[in-house]
Amino acid sequence: MAMTITPKKLKGKVNVPPSKSMAHRAIICASLARGKSIIRHIEYSKDIEATISAMKALGTMIFQYDDYLEIDGTTTFMRNMCDIDCHESGSTLRFMVPISIVCEANVHFTGQGRLGKRPLDVYYKIFDQQNIGYLYQEDVLDLYIKGRLKAGEFEIPGDVSSQFISGLLFALPLLDGNSKIMITSPLESKGYIDLTLQMLEQYGVHIENKNYQEFIIHGGQIYQPCDYYVEADFSQAAFYLVAGALGNDVVLEGLNLSTHQGDKEAIDILERMGCQLIAKNDGYQIYPGILTATTIDGSQCPDIIPVIALACALSEGVTHIENIGRLRIKECDRLSATVEVINQLGGIAKEEENAMIIEGVKTLQGGKVSSYNDHRMAMMEAIASTVCHHQVVIDNKDCVEKSYPSFWEHFEMLGGVYDEFFMGD
Ligand SMILES: O=C(O)C1=C[C@@H](OP(=O)(O)O)[C@@H](O)[C@H](O)C1
Ligand SMILES: C=C(OP(=O)(O)O)C(=O)O
């Protein structure tokens, strides 16, 4: 469904949804544990549904309630032949590939959207080294794997996706022998490795972290069941933090400021740009200042860059956002898409191979933009509409379901005004 958003300032309180990254990890760890766990504060986004179905495909009993899950890991790995549909979730795919072959298995992975175009070669290299059979198609996710993952030494690049490292960190403790992961290039998205290590500890699995250069994994470890509450999501909070920076009056409820989530960096960046985080009405709010350009390193927080770029588009001066080549391998080419949207809305942005350069303007005009079927682009465009002179038309509003199915409901609750229509009407 397409939509027309009428520019309007947002005002009110928003309950930030549970962290998608932490929910993926909790569901996986609980499913690998010998016993029953409860995971509270769950929102059924498409990505989280994908991870739940993936674990069910391996035999895990998962009972889904309104906002919590009961998981009995004792039945996991009951099946050695299964189909896993990852939808469009990179996390589900890259976490589940090594987990699915902890026992001798015959697995078929499928997915949709751009997932088949996102890199997986790091795993293909391991399959070649370990004589694990695999068959895949270019550009669409249709991957057959036959075999079993073996303990050993793994050389993994740090600058393709941290999800490969996380996937191995979940699987290797379950194998008989000891393993070592060696990181062969600068580690990006490091905060996500911290989330993995934190969740493993929570479920009784210990990894030796040698300064993020090497990870030593003892085999034969046993995941312990645990009750876990999923904290609020900083990648989603970033939309409302930027909304605050642009003069909207939005209070965020539920944020844990001592989180390990790397996307908390949104606060530091906005403070560097002249804003202030204030405690208000049992929550937090970004209080706008005179937005000033700065240099931003996006290597550790790729998911917040599209919306941060929006704040930069309305800052005084020229912003350089650097080390963001990996934005091109997300749900869309987010580097190109962000630059295109800023320009279409009346801003001034330029794309480089690994960076974007944004010249601040005083106001944005509005206009027609694409969501590129990417939840983070659609949500960034919604926040942009609050400071545009004219309406913003988005081709597909439903893509937000990938990570934040209640986004439009929250947007309306905060006073956002939009009409839906079928494209072609
Ligand atoms: O581990 C995770 O939960 C994630 C890791 C990041 O991916 P990369 O490591 O590929 O940057 C991030 O973009 C993604 O949305 C979630
Ligand atoms: C890139 C994202 O997720 P994933 O890699 O899990 O598809 C995201 O949520 O922005």
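All positions are counted from 1 along the displayed chain.
Keep in mind that glycine also has a Cβ here, set from the backbone N, Cα and C atoms.
All TrEMBL annotations are machine predictions without curation.
These come from TrEMBL:
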type     : residues                                                            : note
ACT_SITE : Asp303                                                              : active site, proton acceptor
BINDING  : Lys20, Gly90, Arg118, Gln163, Arg334, Arg376, Lys402                : phosphoenolpyruvate binding site
BINDING  : Lys20, Ser21, Arg25, Ser161, Ser162, Gln163, Ser189, Asp303, Lys330 : 3-phosphoshikimate binding site
DOMAIN   : 7-410                                                               : domain 'Enolpyruvate transferase'
Of the binding-site residues Arg25, Ser162, Ser189, Lys330, the one whose Cα sits nearest to the Cα of Gly90 (phosphoenolpyruvate binding site) is Lys330
Across the domain 'Enolpyruvate transferase' (7-410), the model's average pLDDT, rounded to a whole number, is 98
Cα of Arg25 (3-phosphoshikimate binding site) to Cα of Gln163 (phosphoenolpyruvate binding site), in Å and rounded, measures 11
The number of other Cβ atoms within 10 Å of the Cβ of Lys330 (3-phosphoshikimate binding site), counted over all protein chains shown, is 22
Ser189 (3-phosphoshikimate binding site) and Arg334 (phosphoenolpyruvate binding site), compared by Cα position, are separated in whole Å by 16
Spacing of the two Cα atoms, Lys402 (phosphoenolpyruvate binding site) and Lys330 (3-phosphoshikimate binding site), in whole angstrom, works out to 13
Counting other CB atoms within 10 Å of each candidate's CB, the least crowded of the recorded positions Gly90, Gln163, Asp303 is Gly90
Counting Cβ atoms within 10 Å of each Cβ, the densest environment among the binding-site residues Ser162, Ser189 belongs to Ser162
Of Gln163, Ser189, Asp303, Lys402, the recorded positions whose C-beta sits under 6 angstroms from any atom of ligand 1 are Gln163, Ser189, Asp303
Spacing of the two Cα atoms, Lys330 (3-phosphoshikimate binding site) and Gln163 (phosphoenolpyruvate binding site), in whole angstrom, works out to 12
Of Arg118, Ser162, Ser189, Arg334, the binding-site residues with C-beta less than 6 Å from an atom of ligand 2, in sequence order, are none
